[in-house]
Amino acid sequence: MELVSRQDPRLREVVWFAVCCRALTLLLQASPLFLSQRCCDALFNLLIPDHAADAFSPPRLPEPGLWDLLVERLLGGLSRWDAEHFLFIAERGYLYEHNCAFFPLYPLTLRALAEGALWPLQQLLRLRSRLLLSAVLLNSLFSILAAAALYRLGCLVLRCRRVAFLAALLFSLSPANVFMAAAYSESMFAFLAFSAMWQLEKGQSWLSGLLFSLASGVRANGLINAGFFLYSGGKCFALQLQGGSGAVRKLLPLWKQLLSLASSAVLMCAGIFLPFALFQYYAYVRFCGAATSLEPAVPKPLLQLALDKGYRLVATDGGKPPWCSQQFPVVYSYIQDAYWNVGFLRYFELRQIPNFLLALPVTLLGSWAAWTYIIANPRHCLTLGLERRRSEEEGKPRAGFCCPAVFVYVVHATVLLAFGFFCMHVQVLTRFLGSSSPIPYWFPAHLLQEHEPLLWSEGTAHQTTAPRSEKSLRGQSGSCGKRTPANPVVRLLLNCGLITPLGKCILGFFLSFWLLGLILHCNFLPWT
């Protein structure tokens, strides 16, 4: 991907803003080591003490050295909660059964970087410290690349560079920001998913299929992305039928086209499901097969942890896990059910009301986005976008969030929202949607562009071409006669007293979750 294009200064601004936001994130959670020699806790650790969370926390083996303690002080806030699983898997593999809830591509990438580019540091840092450093470096890179990919995708789908630009900037202020920075797989998944969507919109089906396949090796919800291929093939065939299906002489080529599209869709979907199937087979062999002498000995502290917490170890406990005897032994669904009680309506309890409140903003935003699109395109939604529109025939498709091309993305986001709300731990909805779909960024960008007069100063709201010059992008005169910044998010923040209540709610949601996530997550307090 060409990150910085001389012909598109907006892309340069997206990348620069993403770099600044990632640096600020690391700075806010990092230790103020150079400010006080007596303070070695992270900045927010000084304000709020660590919460004694009942989360996966394996013992540190071997004992950390001086440089390891320094890395932990600087970056330890990014190794909380599920990050412990990813770091543990990268270091010791899938030792415990419940580790199999976390897919292997991200831990493998961490291990490759720690043993490769960071190998010269092995004399100073033990493996876990190098893995944590690898996670910070990789997630910083992936989040920047994801912002660039989201901008490119938005330009093609929305046909409105200004909304695409604003959405990509909002991504760098994502409410799921802390999970994009911590040792979680969200940044990697967002980069792969947005890049795959972008390539599919460009017509690069095979490259898109490869990226979607890699994404399904990062997170289980990557399987849903197979729907993009199914819809793309179905829409292509439906539009061809409407273009000339009355001629008998064209019937045979259409059948050939149908077979071609069907075979291509089957191959692409198989490629997307392949990493999931291989991982389930690996787990079956590892936990359901007989123990071998080649299996390395488990350190006593890790054995004791398994006894204390009731964790099932690799093929050493004698009996096989219950899921091994199922007709389709899928360890992922078993772990979600047995360890975390994930299932339809299982989270609908009075004591979970605070978690539903945490998920309320993104739930309202996603529901509002779907409703807005349906109201703007009722016929298009009823026909599933398979009907050729007059505007498309005239070569003048509608631009912006309500354009026809957004339909499949709205459906994708709505499916994820409904599944997450009714079948998952609802508080994860913010990062679940924020790393999987462009809609949580396109729709707020659409609302800001439509309702904020401060953003109307640069021509029309549906500009589809690059600006005439870089100077026009860098700033225009504001109400006080001063040059306003090229970055529209910065412009709104610097003029927060002039923006509408809707704009304040949107930016307040993004910024408050961006900051609160750092404060709470880095101190082991419950967050999304």
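Placed from the backbone N, Cα and C atoms, the Cβ positions cover glycine too.
Those TrEMBL annotations? Automatic predictions, nothing curated.
What TrEMBL records for 131-151 (among others) is transmembrane segment.
The transmembrane segment annotation in TrEMBL covers 163-185 (among others).
As annotated by TrEMBL, transmembrane segment applies to 258-279 (among others).
According to TrEMBL, the feature transmembrane segment maps to 356-376 (among others). Here the transmembrane segment (356-376) has long-range neighbours at 175, 401-402, 406-407, 410, 413-414, 417, 420-421, 426-427, 429-430, 433-434, 439-440, 442-444, 509, 513, 527-528, meaning same-chain residues at least 6 beyond its ends whose C-beta is under 8 angstroms from one of its own.
Residues or ranges marked as transmembrane segment in TrEMBL: 406-426 (among others). Within the chain, the transmembrane segment (406-426) has long-range Cβ neighbours (under 8 A, six or more residues past its boundaries) at 157-158, 197, 221, 224-225, 227-228, 231-232, 340, 342-345, 347, 352, 355-356, 358-359, 362-363, 366-367, 369-370, 373, 377, 380-381, 384-385, 432-433, 436-440, 442.
Annotated transmembrane segment per TrEMBL: 492-520 (among others), in sequence order.
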Given a Cβ distance threshold of under 8 angstroms, which distant residues of the chain, six or more beyond its ends, lie next to the transmembrane segment (163-185)?
10, 13-14, 17-18, 20-22, 25-26, 29, 77-80, 82-83, 86-87, 102-103, 105-106, 110, 131-132, 135-136, 139-140, 142-143, 146-148, 150-151, 153-155, 218-219, 361-362, 400-401, 430-431, 434-435, 438, 440-442, 444-446, 448-449, 455, 461, 487-489, 509-511, 513-514, 517-518, 521-522, 527-528
Can you name the far-off residues of the same chain, 6+ from the ends of the transmembrane segment (258-279), with a Cβ under 8 Å from a Cβ of it?
100, 103-105, 205, 209-210, 212-214, 216-217, 220, 222-223, 225-226, 229-230, 233-234, 236-237, 332
